[in-house]
Amino acid sequence: MHVIKRDGRQERVMFDKITSRIQKLCYGLNMDFVDPAQITMKVIQGLYSGVTTVELDTLAAETAATLTTKHPDYAILAARIAVSNLHKETKKVFSDVMEDLYNYINPHNGKHSPMVAKSTLDIVLANKDRLNSAIIYDRDFSYNYFGFKTLERSYLLKINGKVAERPQHMLMRVSVGIHKEDIDAAIETYNLLSERWFTHASPTLFNAGTNRPQLSSCFLLSMKDDSIEGIYDTLKQCALISKSAGGIGVAVSCIRATGSYIAGTNGNSNGLVPMLRVYNNTARYVDQGGNKRPGAFAIYLEPWHLDIFEFLDLKKNTGKEEQRARDLFFALWIPDLFMKRVETNQDWSLMCPNECPGLDEVWGEEFEKLYASYEKQGRVRKVVKAQQLWYAIIESQTETGTPYMLYKDSCNRKSNQQNLGTIKCSNLCTEIVEYTSKDEVAVCNLASLALNMYVTSEHTYDFKKLAEVTKVVVRNLNKIIDINYYPVPEACLSNKRHRPIGIGVQGLADAFILMRYPFESAEAQLLNKQIFETIYYGALEASCDLAKEQGPYETYEGSPVSKGILQYDMWNVTPTDLWDWKVLKEKIAKYGIRNSLLIAPMPTASTAQILGNNESIEPYTSNIYTRRVLSGEFQIVNPHLLKDLTERGLWHEEMKNQIIACNGSIQSIPEIPDDLKQLYKTVWEISQKTVLKMAAERGAFIDQSQSLNIHIAEPNYGKLTSMHFYGWKQGLKTGMYYLRTRPAANPIQFTLNKEKLKDKEKVSKEEEEKERNTAAMVCSLENRDECLMCGS
């Protein structure tokens, strides 16, 4: 059997040569568990005569990846094989690679189609010695296999389908793309990115340094007008933004309801549903940047709108197709008045914005007065029990995980943009809360700090380093506002006037584990607070320094910060004594700040996978999980747990099988000691009340909002109701992003049992269930404290 080498020569397949190549990449790994010869044996079984060395390396990497559940070092080895393969297939010198990307000729039409901007190439060539020598290629070897494969699939630029960039090239491209001629700043950013202290968001990594640097993740729109022109102008904006790879939040509360009079045609409106189906089809048609991600629109509606019940059904799995829009995402923008009326079991009036105008333009007391005046004037279209609508909301969430829950009054009352007007919606992921109008499309550029990195070897937390890196991130995101490509002019106008940014986090759960703090412990709760105090402090200080150089943002005057009111003041919270807030407030009073908003913990799904961290602010959902790559699915064990079990001599095949059998939980495995059971509780074993409490405690230092998922293994209407009311009373802006559940029953058994039921029995069962759910919901409203104790 022979192998074809990269230069075209043929050579006999030699077992020892393959083993030796793998052995060389095993430095620093735990050789008690990693066995290069075992990988070689498996590789040789899959070979055929005429295999190329590239295919051989790919097979070796995949083989190592399949052994990851034996030990996480196999994932590192798999990545090293794959990275070493990529290094052999790509040019080393950064400036050469950038020239190749610029000189690209499209094979379909023979035209010059540069993949990087001429301005980026010119800067690289003018500074090539410094930039080329600053790159440290060994850092490519620190990715695990699944992080590297994610980069390879979607992030590294390709020439004719073949990857041309190495990960380090991409990070330097991004750094130069942001900082242009400021080479010192570019190299500083490159080092922080490549050492994994933080990461920019996916659109920034995709597009920085290219001809169309659309670096923003989030866009928020409100309807231009309740008219055919307004609806379709807004739709066009959505299409243009989605084409450029932006996720979208759209406020639709101003659109007239079903049956409302249309003066221009002397007809009646069809309401929200047919309009949203048009938006649904646009989302399907226009994906985010050529198949990178599907188009994604979140639709925000206030619960007084007459079409609210139909809105809650739009994502359901059953029902008439023409009453569904399953490719959209749905969110409620909830005034406090609705929550109060649900709590006290009062009536709730549904209205049409055409007949009761302005409700979406006011919040708080002003909203309550206007709403009550419309009720008094008899302009109401329908009256329902507030709890009847609440039941429909809970029912939809139990079935579909949505709508998202955001509290309109908290979002406005605690916003530094409240001087601009009423904020009408959030974004696709519920962490961005920014002002929109018919002339302004809100935008946010994102980055996330890898919180696990700031845990020292002595198990202390390096707040000083966290503040320093936060300041670099602020400067980067602030620069992006000026160099960004905007898909619509209204986005450019908004972003340059208010200059908001969104700094998030990833690896909070990893940081707790490295500090040896169980997620619910008092120590973790204090660290959670101090991490966000530090990020907010560092971000404000950096933004103030920028204002000193460049002046405050255009609409600064009249904002809460301009009056000395910071986010924690709006929550009536006193920070810990970690930082000197008095000095910072004095500095801000003198110079102002450059950015209206700063902090917004987002989901971090893709970038956390690249860096090998747990997502965002989330606890671990399981201690064993599946990672999908193009070549298949791989099971991964939580690497921290595996390290702990290995050190205590408890890691073996049988242990792995027990964890899999327990769905990733270790709580019922007798051999595992209690201290590890506390440390490795999954989200299903952590009190959701604690999760909400920690969200509120960090919320005092988050001037936008946070993507906060609620996990209830088997939700009932009582549990869910008490969760929502607890979050609302804690003052959260986002009460819930997704409701994550686990199926309670085996669906096959469930189907079989259902089949046997007669229609009559089925109807009575459904009625019984509705009664039971209503009773649970009402019980939780009447006995909130007790209900939370028995809930999650």
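The backbone N, Cα and C atoms fix where each Cβ goes, and this holds for glycine too.
Of the candidates Thr199, Thr422, Thr751, Swiss-Prot marks one as phosphothreonine, and that one is Thr751. Same-site candidate for GDP binding, as annotated by Swiss-Prot with Ser202, Asn427, Glu431, Thr604, Ala605, Ser606, Thr607, chosen from Ser216, Ser217, Ser410, Ser622: Ser217. Looking up Lys376, Lys382, Lys563, Lys590 in Swiss-Prot shows the N6-acetyllysine annotation sitting on Lys376. Bond annotation: of Cys218, Cys238, Cys254, Cys662, only Cys218 is listed by Swiss-Prot as forming a disulfide with Cys444.
Lys17 is the residue among Lys17, Lys158, Lys656 that Swiss-Prot labels N6-acetyllysine.
Note: Lys17 (ATP binding site) has no non-local neighbours, i.e. no same-chain residues 6+ apart with C-beta under 8 A of its own C-beta. Tyr738 (site 'Important for electron transfer') falls within neither a helix nor a strand when secondary structure is assigned with DSSP, and so counts as coil. A mean pLDDT of 81 is what the model gives for the domain 'ATP-cone' (1-92). Taking each of the recorded positions Ile228, Cys444, Ala605 in turn and counting other Cβ atoms within 10 Å of its Cβ gives the largest count for Cys444.
Comparing the binding-site residues Glu11, Asp57, Asp226 by how many other C-beta atoms lie within 10 angstroms of each C-beta, the top residue is Asp57. The binding residues for dTTP are recorded as Asp226, Ser227, Ile228, Lys243, Arg256, Ala263, Gly264; their greatest pairwise CA distance is 35 Å. Between the recorded positions Phe15, Tyr737, Tyr738, the minimum number of other C-beta atoms within 10 Å of a residue's C-beta occurs at Phe15.
Comparing the binding-site residues Ser217, Ser227, Asn427, Thr604, Thr607 on other C-beta atoms within 10 angstroms of each C-beta gives the minimum for Ser227. Candidates Asp57, Cys218, Ile228, Lys243, Lys376, Tyr738 (recorded positions) were compared with Asn427 (GDP binding site); those inside 10 Å Cα-Cα are Cys218.
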